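Here's the structure we're looking at; comments come further down.
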Amino acid sequence: MKAAFCGNDNASAYDISAGVLKNVCFVDALNLVPHVFLLFITFPILFIGWGSQSSKVQIHHNTWLHFPGHNLRWILTFTLLFVHVCEIAEGIVSDANMKSRHLHLFLPAMMGFVAATTAIVYYHNIETSNFPKLLLALFLYWIMAFVTKTIKLVRYCEDGVTFSQLRFCITGIMVILYGLLMAVEINVIRVRRYVFFMNPQKVKPPEDLQDLGVRFLQPFVNLLSKATYWWMNTLIISAHKKPIDLKAIGKLPIAMRALTNYVCLKEAYEEQKKKVANQPNKIPSIWLAMYRAFGRPILLSSTFRYLADLLGFAGPLCISGIVESLQNRTDTTGKSNETSTSYLSSQDFLKNAYVLAVLLFLALILQRTFLQASYYVTIETGINLRGALLAMIYNKILRLSTSNLSMGEMTLGQINNLVAIETNQLMWFLFLCPNLWAMPVQIIMGVILLYNLLRVSALVGAAVIVLLAPIQYFIATKLAEAQKSTLDYSTERLKKTNEILKGIKLLKLYAWEHIFCTSVEETRTKELISLKTFALYTSLSIFMNAAIPIAAVLATFVTYEYQNEATLQPYQAFASLSLFHILVTPLFLLSTVVRFAVKAVISVQKLNEFLISDEIGDDSWRSAESSLTYESCKKHTGLHTKAINRKQPLRHQLDSYEQPPRRQPRPFETDDIAIKVTNGYFSWGSGLATLSNINIRIPTGQMTMIVGQVGCGKSSLLLAILGEMQTLEGKVLWNNRNRYSVAYAAQKPWLLNATVEENIIFGSPFNKQRYKAVTDACSLQPDIDLLPFGDQTEIGERGINLSGGQRQRICVARALYQNTNIVFLDDPFSALDIHLSDHLMQEGILKFLQEDKRTLILVTHKLQYLPHADWIIAMKDGYVLREGTLKDIQTKDVELYEHWKTLMNRQDQELEKDLETDQTTLERKTLRRAMYPRESKAQLEDEDEEEEEEEDDDDNMSTVMRLRTKMPWRTCWRYLTSGGFFLLFLMIFSKLLKHSVIVAIDYWLARWTSMENKTGDSIERNRENKSHHVAVFSTLCGAGIFLCLVTSLTVEWMGLTAAKNLHHNLLNKIILGPIRFFDTTPLGLILNRFSADTNIIDQHIPPTLESLTRSTLLCLSAIGMISYATPWFLVALVPLGVAFYFIQKYFRVASKDLQELDDSTQLPLLCHFSETAEGLTTIRAFRHEARFKQHMLELTDTNNIAYLFLSAANRWLEVRTDYLGACIVLTAAVTSITYKPESGILGLGLLYALTITNYLNWVVRNLADLEVQMGAVKKVNSFLTMESENYEGTMDPSQVPKDWPQEGEIKIEDLCVRYENNLKPVLKHVKAYIKPGQKVGICGRTGSGKSSLSLAFFRMVDIFDGKIVIDGIDICKLPLDTLRSRLSIILQDPILFSGSIRFNLDPECKCTDDRLWEALEIAQLKNMVKSLPGGLDAVVTEGGENFSVGQRQLFCLARAFVRKSSILIMDEATASIDMATENILQKVVMTAFVDRTVVTIAHRVSQILDGDIVLVLSEGVLAECDSASNLLLKEDGLFTTLVKTNK
């Protein structure tokens, strides 16, 4: 066929006799002129422009969009492009009806398409490089295009072409679009004045774009980049080169920061408060406040959602159109009219299959773009809301009245829940919010379309779906219940596991590990039963989701067949199938959304209660924030990441916003008095005065001591002065100079999760000299030296746990370090021993504070310090008993003075005892033991390395990157096989079978509809056919529904079995591990395997695995089905497959990094909230609220930016996979239309192509999730490779005499001991002989090997040479259980387990009550236990906290006695107890153990002076061995020196 511009089948085509504009072809040619003009002008500019792009200075300059009408222009241009596509299609379809090619029908439209694309590219480049003058070219183009199109429209009107013709409509729309674009261009000239005006407008980029730290560009990029997340490409691709860190994601744009959103929400909430101010019973509505602050984006998101849902129905409609048009094409094959200008009507145009295919493609692209935009907007709004709520909660916490927290109205747990759970519930509710109103519309539309296709039978199918929906809701509620009970059991299991790990040394020494292990296993069994319920409901939920559409389809088609005379057409069948798929999703989601809505309502109630709870009084005498503390907080924002340097003004904005109006204090100018309280009555919020009639004065620059019995109101007095209590009456007056300047150390030490240095300087400027003076005064230097990173070590919840005394000294150091006029110390000596107290008093208080002339108020019980006080306040039962100097009191109140004297004498006696027990050395020892082997670090870091690294050792970047992109298949395989091969096989087989059956159902439907339309048989035959088809269809559907249930159950069952086996193996491996493992591995790390990792394996992996296999198999079966329908599709599949591979590869790596960032930034935020609530009084006393708020805002923003990037990455992926899906649909449709298979098969192919778009992104998302979750399996597996202790001996347990060791004779022959094969020996060639019944002492300096020798008796360490023979049996030959169960030991740290006293003494339940009472009597505990409720069955709390340390040590003695062993080993058993308890212990050892061999490892040499034999160790070698009296005769002996230095 020849081609010519005006066609060559009509001579009159080039005739212009009637006038140039009367010739249609000429008018079309005229339409080419503007397009050619634009291309001619813009191409050189574009190339020059792109060449000079590199000269841009600022990083984000190229995303700066500042021409007015920017978004409108993009929308209009996209619409224009769409209309051009329609024009091209219309031209081509019209041309197909001609005898020869008429290029003028579609060539101008094609040029128009190219020109419109060029126009938007050109505009974008001009805007980002800021050359507005070049926009004139576009202005001219719009005018020319508008004029030429108008001429064409006028020409059509003259020819009598009307709206019924498509070409007329298209031309009309184009005129409007060009006109609007022209208007946009005029508006730019009007606003920016770049031409025709004298003074052009100057513009500056927004603050965010000037700040190079802002990397989140979604709000600033153009519409196309916004819709496709194109700006994310650089980040996602860079993740391949190096991991994404906080620096890479930068900081939040100002509009999304917590502060900005907080101000918004706060204003809306204050407005609500004003509304209900006059109605006492009503509370301000948070819902309305949230709507006022965040309503607009939610409406925008809902609009996007509606558009997406409506476009979603284009799929079924286009499928039915394509199938129908192909069905009809076979019937009508004649040519249509052949005039030179044939005008198509819209109906004819939409009957063309190719047109429908392109429309389907465009509709899918648009639908997916709108859907992702809707998701993004809700998520961004949700994150903004969460930031605002967190800031609101935090500000409320800082103003909470102390009584609320102390009286238990508001517990820390509730506050933590508000932060961690309630805010997230509201955020999730916002995410799902648009579904609430979009779903009903979707369901109604779906049902209308179905009814349109299948009439009444469609309603039957819809009824099936609607009736089964409540079951979904019921399952969802049951799921929530099951999850809750699982949580309770897992909490209990963790508590038990934690106890085991803390007391593992004792359990091993007593051979009790199996008893405790069984107890954990019992709880685990209960947890597994609960998990089974959870798994059952989960699988039912999955089953319902898969089975409902099958059931609905079955009901519908069977009804249709028997009800209607007409046969079921393929286009009806597949369009309705597609509609059913669309309908099921909202119904499945509805139950979830309703559940979240209910939770959100409850969360808002809790928030309301919290926000209207009592606040601290505003008439506190210390007025608002001072400029002084401001400067200090500016210098020190406590964040480590360089990326987060906030702009200064924001902080001031917050403070100016947040300062409550405080009454000006009434100052008094007498300089000698710092604080004065007159006629004070103070209460803890109950209305009853805790302190009454307080009249005191605190002299300036002197030390005031407050003394009195426990509970007489000393601490309350301090807090009343600080304004923490409710003032019922009276005044607290502050001297003007002192108002702001207070340092305070609370009775209960409070530390931040920060370094030691940060805890001490607490936001003040760092002064090295001062810092050193303070740490020396508080004797902190030796403790700091023990820490692995000195004073840069993290302490607190996430750091290293310090003892009470160490924590208290840090708090006192903090108060001393601050440069304040007044220092409050609340009982700073309570947790310190006498040496430290004296040192602190002398160096810290008398020297450091007094030299600075600072006013000190000290609450204490240590009366021996009274002589140092300048002023004394004696309290009793909430009132002041006496006030004055010690001399005053001596003269005025002799009785009180005498009472104090007797108390002082008693304290002095205690001192003498105390001097012997050096508590500090002990604390440091504990700390050293906690720090001790830090080789663990190396061990842990290795654990995360991939197994493959063993194969090649070059750890260059490429290897690391290869590992980052590789799926952990080996770990996956381990996980799957740990569920058992049978279940694995069953899962794979049932999955494959289910998907085959589902494909068979659809295939059968295709054959059935195609065959029924062809057969021209008799009615009788048709009826038989119908019954046959319906029977097979019903059978297949039934099988499909059954298999849905089987597969969902097998996956969950396999997951459960795997979880059960992994936990069982982990627990047994850990319990049987060598003691060295527990010394070198931090407890938290082991616990993590049992908590977080086990939780992931229990609850998260099975659903992910199910979803992954389901979506993968669906995609594969879809591709198979399309290829079966049109084999040519396989050719197009290759490039699509490659694209898909790269998208998932890049996404997985980035997603994993962002997921980790989100998790790691969440913890500091939650910790900051809980530590603030704990240290409220301290923060308020120091006046550091502003600094803490600032830190909270920074932590919130850091967490929010990580979460925002994660959700943007998910959108990035989904947009790309959705577009790929749309391409698959387009290629499938085009190849099928060209290839022309049976109409049924064609419908089937298209239906499957449509489902692919839904499932492609799920394949990648689930793959990425699984990769992260497999990390948990890998961590658990890394512990499973650990070597266990060798429990088997060479002797059979039956060969060991029942009563061994009967005598208690011990021979140590040439003993060499080490902790591990690769470590140096700790004992070298030790030889000793201990006769039965001897009392032996072992002593030596720290690290000489004393404890190692005691562990050698129990084979807790590696005996690699020599042997220990007890009663003639070499202990190395015995099974471990036998050996350890026959010896007794008392350890230095008294360990009790939660349970009963009986359980603690005899967990094996072997002994009679009499035996237990006898043991308690020997340990002097009988009377105390008798007085407890329940006697032997009295409760012991976790760690035995309800008994004193001394009592716990005596219980351990009783425990050792219950086990009637002839050998008792005491490992520094008296180190942590007072003198009285130690005397009892010594007495018991001498009497009750008189006939037993006792080996005592001495903490103090004085304990073993009366022993029969003393072994003195030095650096692992036995230095001396003889009786104590003989050893003391050696003047220069090691023992003599030890005795001298210790006395």
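Each residue, glycine too, has its Cβ placed from N, Cα and C.
Features of the protein shown, as given by TrEMBL:
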type: COMPBIAS; residues: 941-956; note: compositional bias 'Acidic residues'
type: DOMAIN; residues: 307-599; note: domain 'ABC transmembrane type-1'
type: DOMAIN; residues: 675-902; note: domain 'ABC transporter'
type: DOMAIN; residues: 985-1267; note: domain 'ABC transmembrane type-1'
type: DOMAIN; residues: 1306-1540; note: domain 'ABC transporter'
type: REGION; residues: 933-957; note: region 'Disordered'
type: TRANSMEM; residues: 32-51; note: transmembrane segment
type: TRANSMEM; residues: 72-93; note: transmembrane segment
type: TRANSMEM; residues: 135-153; note: transmembrane segment
type: TRANSMEM; residues: 165-184; note: transmembrane segment
type: TRANSMEM; residues: 349-367; note: transmembrane segment
type: TRANSMEM; residues: 426-450; note: transmembrane segment
type: TRANSMEM; residues: 456-475; note: transmembrane segment
type: TRANSMEM; residues: 534-558; note: transmembrane segment
type: TRANSMEM; residues: 578-598; note: transmembrane segment
type: TRANSMEM; residues: 1030-1051; note: transmembrane segment
type: TRANSMEM; residues: 1121-1143; note: transmembrane segment
type: TRANSMEM; residues: 1241-1260; note: transmembrane segment
Top Cβ-contact partner of the domain 'ABC transporter' (1306-1540) among 307-599, 675-902, 985-1267 (pairs under 8 Å): 307-599
Contact call for the transmembrane segment (349-367) and the transmembrane segment (578-598): at least 3 Cβ pairs under 8 Å, seq gap 6+: no
Taken over the domain 'ABC transporter' (675-902), the model's mean pLDDT: 84
Same-chain residues near the transmembrane segment (456-475), Cβ under 8 Å, at least 6 residues beyond its ends: 446-447, 450, 537, 540-541, 544-545, 548-549, 551-553, 555-557, 559-560, 563-564, 576, 580, 583-584, 587-588, 590-591, 594-595
Beyond the flanks of the transmembrane segment (165-184) by at least 6 residues, Cβ under 8 Å: 69, 72-73, 76-77, 79-80, 83, 86-87, 90, 94, 139, 142-143, 145-146, 149-150, 152-153, 156, 343-346, 349
Long-range Cβ neighbours of the transmembrane segment (426-450) (under 8 Å; 6 or more residues past either end): 290, 294, 298, 301-302, 305-306, 309-310, 312-313, 316-317, 374-375, 378-379, 381-383, 385-386, 389, 458-459, 461-462, 556, 575-576, 579-580, 582-583, 586-587, 589-590, 592-593, 596-597, 599-600, 603-604, 607
Stretch among 72-93, 135-153, 534-558, 1030-1051, 1241-1260 sharing the most Cβ pairs under 8 Å with the transmembrane segment (32-51): 135-153
Same-chain residues at least 6 beyond the ends of the transmembrane segment (135-153) whose Cβ lies under 8 Å from its Cβ atoms: 21, 27-28, 30-31, 33-35, 37-38, 41-42, 45, 67, 112, 115, 119, 122-123, 126, 168, 171-172, 174-175, 178-179, 181-182, 185-186, 188-189, 194-195
